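Now, the feature entries from TrEMBL:
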ACT_SITE  His174  active site, proton acceptor
BINDING   Gly10, Ala11, Gly12, Ser13, Val14, Gly15, Asp35, Asn94, Ile117, Ser118, Asn119  NAD(+) binding site
DOMAIN    5-141  domain 'Lactate/malate dehydrogenase N-terminal'
DOMAIN    144-300  domain 'Lactate/malate dehydrogenase C-terminal'
Amino acid sequence: MGGSKVAIIGAGSVGATIAYAIMLRDVASEILLVDVAEEVVHGQVLDLSDANLITSTKVRGATYQEAGQADVIIITAGAKQKPGESRTQLIDRNYKILQSVIGAMKPIRQQSIMILISNPVDVLTHIAQQLADIPRNQVFGAGTFLDTSRLRGLLAQKLEVSANSIHAYVLGEHGDTQFVAWSSASVAGKPLLSFPEFKEGDKEIIEKKIANKAYDIIKAKGATYYGIGACTASLVEAILLDKREVRPLSVYVDSLGTVLSVPAKLGFDGIERVFDIPLNEPERTRLEESAASLKEICAKYHT
Ligand SMILES: NC(=O)C1=CN([C@@H]2O[C@H](COP(=O)(O)OP(=O)(O)OC[C@H]3O[C@@H](n4cnc5c(N)ncnc54)[C@H](O)[C@@H]3O)[C@@H](O)[C@H]2O)C=CC1
Ligand SMILES: CC(=O)C(=O)O
C-alpha cells in the first residue's frame, strides 16, 4: 500500500469528511488537500492531523499540480445547495469551478483515477471526462451510491436484516429523476417484492424518502457530508485495493449516450465493467427519462 496518494480538491465539509473517512480506513499513505481558501486548508490539516495516533495516513496542503499527479483525485470543490435548491441549479457555478480546477491540475497523470462528488455530479462527470485528458473509464462520479445506501438503510429497518445483505439499487441521475430498480431487488436470492414485510405501497413511500433525504438534511443543518464521506472512502479503498466492487456509479452508458448511474465494477484501473441491469418496462422508461433530462443539460455545456 505504501505510497498511495489521494488528492481532494475542495476542503469544505465534504472534502474534509472524505479525508477523515479515508484516514480511518488506513488505505492511503498521504492525503493532499487543495482549496482556494488557504486558511481553510490550513485549519483542516491541523484538525485532521490530530487523528495521527489511530492512522498512518498523513495529510497536508498541496498545489493543484501536485494533486494532478495523485493516484486518486477527488473533486468536491464548488457551491452546495441552499435549502430548497436542486442539484442541477448549481451547474453554472460548478461548471466554471470544475473547468478551472482541471485546467490548474494539467497535465494529469495518465494512470490517475478521478472521482467527481460536486453537484450536479452526473453532468460534471460528463464534462470532466471531456476535459481531463485521461481515459474515460478513469473518470466517474459517486452518482447514486449514496442514494443506494439510503435505500438499503430503509429496507434494512423494514426487513430486519443487514443493509449489506440487501441487493437493491437506486439508478439514473443523482438528483430528482432518480428511481429504484425494484424488479431486480433481492435478499438471499429471493425477490424483495415477495417478502410479506414489504407492501406494494412501500415503494412510493421509500422512493420519496430517498429523493427528499438530501433536501431534509440541508433544511435542518445546511449540508450533507457524513454519508458521502463514508461512501467515497469505500470507493477509494476499492480502487487502491483492487476490490472490484460493484457499485451504482456515474459512468458513461453507450446505449444512452450520457453519464448516469448504473451498476459498475470498480478496481485499480477505475471502471472496469458497466453492467446492463435487468429492468422492467416502467423502470426502463424511467432510466431513459433520466438520461434525456441529463442530456438536455449536458448539451448546453459541451466543450
Ligand atoms: N455527490 C454527492 O453525493 C454529494 C455531493 N455534494 C456536493 O459537494 C460539493 C461540496 O459541498 P460542501 O463541501 O458541503 O461545500 P463547502 O462549501 O463546505 O465546500 C466547498 C469548498 O470548495 C472550495 N472551492 C470553491 N472553488 C474552488 C476552486 N476553484 N478550487 C478549490 N476549491 C474550491 C470552497 O472554498 C469550499 O471550501 C457541493 O457541490 C455539494 O452539492 C455534497 C454531498 C453529497
Ligand atoms: C447533497 C447531495 O447530493 C446528497 O446528500 O445527496
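For all residues, glycine too, the Cβ spot is worked out from N, Cα and C.
Heads up, TrEMBL stuff is auto-annotated, nobody curated it.
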Near ligand 2, which of the binding-site residues Gly10, Val14, Ile117 are found, taking a Cβ distance under 6 A to any of its atoms?
none
Surrounding CB atoms that lie within 10 Å of the CB of His174 (active site, proton acceptor), all protein chains:
30
Greatest inter-residue Cα distance in Å for the NAD(+)-binding set Gly10, Ala11, Gly12, Ser13, Val14, Gly15, Asp35, Asn94, Ile117, Ser118, Asn119:
17
Cα distance (Å, whole number) from the residue listed as 'active site, proton acceptor' to Gly12 (NAD(+) binding site):
20
Neighbour count, 10 Å Cβ-Cβ cut-off, for Gly10 (NAD(+) binding site): what number do you get?
24
Determine how many residues of the domain 'Lactate/malate dehydrogenase N-terminal' (5-141) DSSP places in helix, in strand and in coil.
66 helix, 25 strand, 46 coil
For Asn119 (NAD(+) binding site) and His174 (active site, proton acceptor), determine the Cα separation and express it in whole Å.
9
Cα-to-Cα gap, His174 (active site, proton acceptor) vs Ile117 (NAD(+) binding site), nearest whole Å:
10
Average pLDDT across the domain 'Lactate/malate dehydrogenase C-terminal' (144-300), rounded to a whole number:
97
